[in-house]
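Novice: Taken from TrEMBL, the feature compositional bias 'Acidic residues' covers 514-525. According to TrEMBL, the feature compositional bias 'Polar residues' maps to 526-536. Taken from TrEMBL, the feature domain 'Major facilitator superfamily (MFS) profile' applies to 24-508. TrEMBL lists 512-536 with the feature region 'Disordered'. Among the features that TrEMBL reports, transmembrane segment is placed at 20-45, 65-88, 100-119, 163-190, 213-232, 349-367, 373-392, 404-423, 443-464.
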Amino acid sequence: MAGDQLNVLNALDVAKTQWYHFTAIVIAGMGFFTDAYDLFCISLVTKLLGRIYYHVDGAPKPGTLPPGVSAAVNGVAFCGTLAGQLFFGWLGDKMGRKKVYGITLVLMVISSIASGLSFGSSPEGVIATLCFFRFWLGFGIGGDYPLSATIMSEYANKKTRGAFIAAVFAMQGFGILGGGIVALIVSAAFDHKFNAPPYSVDAVGSTVPEADYVWRIILMFGAIPAALTYYWRMKMPETARYTALVAKNAKQAAADMSKVLQVEIQAEEEKVDKITKEKNNSFPLFSRQFVKRHGLHLFGTTSTWFLLDIAFYSQNLFQKDIFSGIGWIPPAATMNAIHEVYKIARAQTLIALCSTVPGYWFTVFFIDIIGRFAIQMMGFFFMTVFMFALAIPYNHWTQRENRIGFVIMYSLTFFFANFGPNATTFVVPAEIFPARLRSTCHGISAAAGKAGAMVGAFGFLYAAQNTDKTKTDAGYPAGIGIKNSLIVLGCVNFLGMLCTLCVPESKGKSLEELTGENDDVDETEQAATSARTAPV
């Protein structure tokens, strides 16, 4: 296959791990740090928003966001992300990865800052402004998914490509951890400075006016790491696979990669023309030939990502409610508003530190050893097992002496989500589709995931409510309870195992081997060789 491969692409495939690989991981990864920080930090401050803007005088419990408002605040960024994944995924194949890469980052930085500056003369006005800016924040984040994955896959060598793409995605773990740490620091500082009484002692005094700064600072901080990497993103050359196979500029591809790899690479203009003119490399996305070659693969990547994100985002966004349900976080009325943020952030940080972050890096270390398929199947299997282990004896876990056991089991579901499908669903779509459709197909797969995240974010919000209407949060109808919600999530994970059977293994193969972009060229060259060597 190497003999049929373009020299510039073969040079990338066989290149030893070099400094530019780590540079690309950091540049792309800091975008993902910001993505995760911005998407998940909202769960740290939603209870604070309820206390500040929806306080009811004389109520036995602190104010909470009404159901529709809570759904909007938690889910509007996912709507933007879904739209951004589809739009920027398509644009990355039309204009080039690099040209679009800077746009997404600028959008993320501006929207992060604007979210913290949300204004209004009424609670509804503030929340509406916040939702507006978080939609556009999500839109920028959405673009980062297909572009970062595609850029890293097209820069990497085939031996360690999975680890490099997974390392970019693993920065999501540090983003979740970073959100928890920032919230801890900010809430601890404000709680120390403005030592307010608990809600049960002084309902109004428990939420000091300065608490309004806490959530704003936490949301705005996400702009800093993204802004720091803008310059380096703009200095990255376009990927050779886009330049050669999509833009059809062999000279530019060879020149760019000669600088990156610090070797002399010969431009092969005739070979590029031959590859790009073959019928195998010209069929559009919506065609019978695409469905025949890649339809099952696209179903596999979209369905597994959809099912994963139902469970993954339900767990992440509402872990504060689950921990409150088992008593790990004290009742809201026993704390002031800022101290509640501290308690929620502490719980999320411990989970991230002990299970989320290690899970990501286990994937980085093992993905090119045991393969994508095995890791994804194993992850879904153990997520199913631990969900059922939490759900079936749920009453056992709510007893005070068993809470630590619950937290450990719950942490293991996060570990196997990240040492499992949460990483592999990001990696595989960047490898198995043709260069001219790679970013688009990754965007479609990721958008299916965000559709699942919205199902998780909106559905779990209502489903996890107590079955007794008198014990639900204000404004919510009776739900199926946390126990039954966990059983549903276990069933979702089991379906993910079944859909994984549609996803191919991509370990150790070049991108062109996986996509078949050289197949027709191989046949043409073999026929020409046979004609030259045939006896007269």
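Including glycine, each Cβ sits where the backbone N, Cα and C put it.
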Novice: Taking residues 6+ outside the transmembrane segment (163-190), which of them lie with a CB under 8 Å of any CB in it?
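Specialist: Counting only partners 6 or more residues beyond its ends, the transmembrane segment (163-190) has Cβ contacts under 8 Å with 21, 24-25, 28-30, 32-38, 40-41, 44-45, 148-149, 152-153, 155-156, 210-211, 213-214, 217-218, 221-222, 225, 316, 338-339, 341-342, 344-346, 348-349, 352-353, 356-357, 359-361, 363-365, 367-368, 418, 422-424, 426-427, 430-431.
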Novice: Just to confirm my parser: what is the rounded mean pLDDT across the domain 'Major facilitator superfamily (MFS) profile' (24-508)?
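Specialist: The answer is 88, the mean pLDDT of the model over that range.
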Novice: When only pairs 6 or more apart in sequence are counted, do the transmembrane segment (213-232) and the transmembrane segment (349-367) reach 3 or more Cβ pairs under 8 Å?
Specialist: no
Novice: Should anything in the same chain at least six residues away from the transmembrane segment (443-464) have a Cβ under 8 Å from its Cβ atoms, list it; otherwise answer none.
Specialist: 67, 70-71, 74-75, 78-79, 81-82, 85-90, 92, 142, 145-146, 298, 301-303, 305-314, 317-318, 321-322, 325, 425-426, 429, 476-477, 479-482, 484-485, 488
Novice: Using a Cβ-Cβ cut-off of under 8 Å, list the residues of the same chain that are 6+ residues beyond the ends of the transmembrane segment (65-88) and lie near it.
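Specialist: Tertiary neighbours of the transmembrane segment (65-88) are 38-39, 42-43, 46, 49-50, 53-54, 100, 103-104, 127, 130-131, 134-147, 313, 317, 439, 443-444, 446-447, 450-451, 453-454, 457-458, 461-462, 473-476.
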Novice: Should anything in the same chain at least six residues away from the transmembrane segment (349-367) have a Cβ under 8 Å from its Cβ atoms, list it; otherwise answer none.
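Specialist: Same-chain residues near the transmembrane segment (349-367) but 6 or more away: 162-163, 166-167, 169-170, 172-174, 176-177, 180-181, 184, 319, 375, 407, 410-412, 414-420, 422-424, 427, 507.
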